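Visitor: Right, I'll just put the structure down here and ask away after.
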Amino acid sequence: MSGFRLIDIVKPILPILPEVELPFEKLPFDDKIVYTIFAGLIYLFAQFPLVGLPKATTPNVNDPIYFLRGVFGCEPRTLLEFGLFPNISSGLILQLLAGLKVIKVNFKIQSDRELFQSLTKVFAIVQYVILTNIFIFAGYFGDDLSVVQIGLINFQLVGAGIFTTLLAEVIDKGFGFSSGAMIINTVVIATNLVADTFGVSQIKVGEDDQTEAQGALINLIQGLRSKHKTFIGGIISAFNRDYLPNLTTTIIVLAIAIIVCYLQSVRVELPIRSTRARGTNNVYPIKLLYTGCLSVLFSYTILFYIHIFAFVLIQLVAKNEPTHIICKIMGHYENANNLLAVPTFPLSLLAPPTSFFKGVTQQPLTFITYSAFILVTGIWFADKWQAISGSSARDVALEFKDQGITLMGRREQNVAKELNKVIPIAAVTGASVLSLITVIGESLGLKGKAAGIVVGIAGGFSLLEVITIEYQQSGGQSALNQVLGVPGAM
């Protein structure tokens, strides 16, 4: 016997597990574009409010994961309450465990690959079920819910989770480009940036039914015309409100986006030559952001698990009573503008401050602990991921050998050794830089938007690279040639 394998536990449920079939033939470039765009649009249009919630004026339990939502496409009190987190986390965690040989799986065998994909899907669905019921019984959706209400909320959130999982699988199975979850997440982050700047949705922010626009620019315009604020007061509010997007955070987010865009072009070019034809020289680029945004995603995945576990203990067990022994040890949640559940010390050590000045004056230690956590986890992940994801120095050296390529001035047997001097350093340095940008942005009070824009920009560039390669290989007959006016298009 080969022993127990974790992937084997999904075998009994394979007949009832929903699955997207592989396409019968390779899809044309234009079809993949359509599938990719519509997958993102369908997810965006799925942000329906939950049905069956008590019509309370003010929720008793506010949002404990407000600073994590922007990274995983989560929308509070909608069908997308937990967004893409279960899908992204299940893929990252299980692939990491498989690469570290914690999970026994042979990716060279098709049946093992299929079982692993099914395990990833089941793990994501189970997370949707667990998260839904944690929030239900913690009182996030209201107190004293009836059995019908509990069942209805479960049906909506778990059903939406299964739908989201299958929607991402459509892209993963070859109907679109790259990773389905990453593509959808990139679309959501881009949309959120527009909504945070120009959103007209009115959100209640006070006890007296006072509302403000979600978009920072729209809020400025309304503030200048408001009867409840002076001209100067409207401008100040537009730049410094800490419970909804403001112009200061919008400017910082755009600055971070520009920096990440620039970092995408930073690379080391290694001179290479062909071993099959003389005089054929070129360069092999190794990007600074070698592992992309995955290091930041991993750090925030671990943060999500930590804060959900803390939420269970503080809210579900201790009922958020400051006098309870659990709250004395872990801290409790404080209400911020009837929207956010802000953790207190010591849980606040692993949560970014809601504003820079509040962080400096009330929780200065957070800058050290939060930054250290993001940096250490990101660097550790990048170092492990580059070694197990098929892009290590040894893997690249094997690709060179298969393609008849070698480093200029180096023997073929020394290629892996030379690449090993560059690739791990690039992966770790890139992860360090992205983590540092993230913690600086979050320390300024961006509430997850810094991490979100880092993930969105890096994910967008990865998608663009995949589309570009696909277009060069099979996009010659694409209808986009005619639209873009490419010379020689039919």
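Including glycine, each Cβ sits where the backbone N, Cα and C put it.
Because the structure is a prediction, the values reported are computed rather than measured.
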Visitor: Do Leu92 and Gln473 sit on the same side of the membrane in Swiss-Prot?
Guide: no
Visitor: Can you tell me which parts of the same chain pack against the transmembrane segment (243-263), counting only residues 6+ beyond its ends and a CB-CB cutoff under 8 A?
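Guide: Same-chain contacts beyond the ends: 193, 196-197, 199, 203, 205, 212, 214-217, 219-220, 237, 288-289, 336-337, 339-340, 354, 430, 433-434, 437, 441, 444-447, 449-450, 453-454, 456-458, 461.
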Visitor: What parts of the chain pack near the transmembrane segment (422-442), using Cβ distances under 8 Å and only residues at least 6 beyond its ends?
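Guide: That would be 67, 252-253, 256, 259-260, 263, 268, 270, 286-291, 293, 295-296, 299, 352, 370-371, 374-375, 378-379, 381-383, 385-387, 391-393, 396, 448-451, 453-454, 458.
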Visitor: Should anything in the same chain at least six residues away from the transmembrane segment (122-142) have a Cβ under 8 Å from its Cβ atoms, list it; otherwise answer none.
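Guide: Residues packing against the transmembrane segment (122-142) from afar: 10, 13, 17, 50, 53-54, 56, 59-61, 63, 77, 81-82, 85-87, 89-91, 93-94, 149-150, 153-154, 157-158, 161-162, 165, 308, 311-312, 315-316.
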Visitor: With contact taken as 3 or more Cβ pairs under 8 angstroms (pairs 6 or more apart in sequence), are the transmembrane segment (340-360) and the transmembrane segment (450-470) in contact?
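Guide: No, the transmembrane segment (340-360) and the transmembrane segment (450-470) are not in contact.
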Visitor: Summarise the topological domain 'Cytoplasmic' (383-421) by DSSP state, stating how many residues are helix, strand and coil.
Guide: 25 helix, 3 strand, 11 coil
Visitor: What same-chain residues lie close to the topological domain 'Cytoplasmic' (383-421): Cβ under 8 Å, and 6 or more beyond its ends?
Guide: 95-96, 99-100, 270-276, 281, 284, 290-291, 294-295, 427-428
Visitor: Any idea what the model's mean pLDDT is for the topological domain 'Lumenal' (54-121)?
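Guide: The average pLDDT of the model in the topological domain 'Lumenal' (54-121) works out to 91.
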